[in-house]
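J.: Let me begin by handing over the structure; questions about it come next.
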Amino acid sequence: NKMIPHGEQAGKSASCQGCPNQNLCASGATKAPDPAIAEIGEKLSSVKHKILVLSGKGGVGKSTFSAHLAHALASDSTKEVALLDVDICGPSIPRIMGLEGEQVHQSGSGWSPVYVDDNLAVMSIGFLLSSPDDAVIWRGPKKNGMIKQFLKDVDWGELDYLIVDTPPGTSDEHLSIVQYLSSTPVDGAVIITTPQEVSLQDVRKEIRFCQKVKLPIIGVVENMSGFVCPKCKNTSQIFPPSSGGAEKMCRDLNLPLLGKVPLDPRIAQSCDEGKSFLNQVPDSPAAKVYQNVVQSIQDYCLNRATEVQSAT
């Protein structure tokens, strides 16, 4: 659970041994705050709500959830919504949003995001690659530079919601996004898991990460939570919650469980086709859970905004 040493310990801790930047950190040259942090704070001051989608585990449906959260929020045509994909090595948002092959354009005020609808903007490194099969083989500092550029140089305009889809883990991209957003209020993180213990043990690490960096947790969503057979209507646990699933974890850690989304093959199909599952099958059990989860997130953001206003 140790994070990268900082402050007086930077470059001098036992965990710094062997790092190529050890001497640089020990010299104190890294103590000065990155001027980009203030610039990003200024740039994102016109964004009302910022939501991170996190998980310690890969393949649990973060990008799927991020995309459907964006679609659901943008279904209110009075709201301006943006989805930022900071998964540098595995950017799946362009495919899920039906934007594969689109390009980013430079304007006088920065990079223009790609629009799904008039009120739904998307940015991803996937738009900067010549082919969706191109591999991004970068070390941490280069990934961090790209994330900084996304936050600082994209012309987001006035937004009601900015959703940030992240890769799995608690590493470079996560530290970067938290650091670069430190001068602007973030509403919180939605943590995604699946029911089995192999997923939950990594998700607990993500929750610990949020607590360490003082990132509020909006709640937990359990994806792939049971499969209802379309013929016999019986429910099968494809990923058995052997240790009690997200429900027990949330009880133990005193966190809200926002919802349990059942497995539905049509979710994966709609993602592959770049369409919104919520529009395709709005009456399905999974879509209804999504709608309840989105409502809970909206209520949380509204209450948080009210708290911030009354505090000032």
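From the backbone N, Cα and C atoms, a Cβ is placed for every residue, glycine too.
In case it's useful when we look at the structure, here is the feature table from TrEMBL:
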BINDING   G56, K57, G58, G59, V60, G61, K62, S63  ATP binding site
BINDING   C229, C232  [4Fe-4S] cluster binding site
DOMAIN    48-219  domain 'AAA+ ATPase'
J.: Can you list the residues of the same chain, besides G56, K57, G58, G59, V60, G61, K62, S63, whose Cβ falls within 8 Å of the ATP site's Cβ centroid?
T.: S55, P168, I192, T194, S199
J.: Provide, as an integer number of angstrom, the distance between the C-alpha atoms of G61 (ATP binding site) and C229 ([4Fe-4S] cluster binding site).
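T.: If we compare the Cα positions of G61 (ATP binding site) and C229 ([4Fe-4S] cluster binding site), the gap is 21 Å.
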J.: Do you know offhand how many angstrom separate V60 (ATP binding site) and C232 ([4Fe-4S] cluster binding site) by C-alpha?
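T.: For V60 (ATP binding site) versus C232 ([4Fe-4S] cluster binding site), the Cα atoms are 26 Å apart.
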J.: Which number gives the other C-beta atoms within 10 angstroms of the C-beta of C229 ([4Fe-4S] cluster binding site), all protein chains shown included?
T.: 9
J.: How long is the line from the C-alpha of G59 (ATP binding site) to the C-alpha of C232 ([4Fe-4S] cluster binding site), rounded to the nearest angstrom?
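T.: With the alpha carbons as reference points, the distance is 28 Å.
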J.: Sort out for me which one of K57, K62 has the most neighbouring CB atoms within 10 A, since those are the binding-site residues we care about.
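T.: Of the binding-site residues K57, K62, the most buried by Cβ count within 10 Å is K62.
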J.: Are there residues of the same chain, six or more positions away from S63 (ATP binding site), whose CB falls under 8 angstroms from its CB, and which are they?
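T.: Same-chain residues close to S63 (ATP binding site) (Cβ under 8 Å, separated by 6 or more) are D85, D87, S92, I93, I96, D165, C271.
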J.: Whole-number Å only: compute the distance from the Cα of C229 ([4Fe-4S] cluster binding site) to the Cα of G58 (ATP binding site).
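T.: Rounded to the nearest whole number, the Cα-Cα distance is 26 Å.
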J.: Return the residue, from the listed binding-site residues G59, G61, with the maximum count of other C-beta atoms within 10 angstroms of its C-beta.
T.: G61
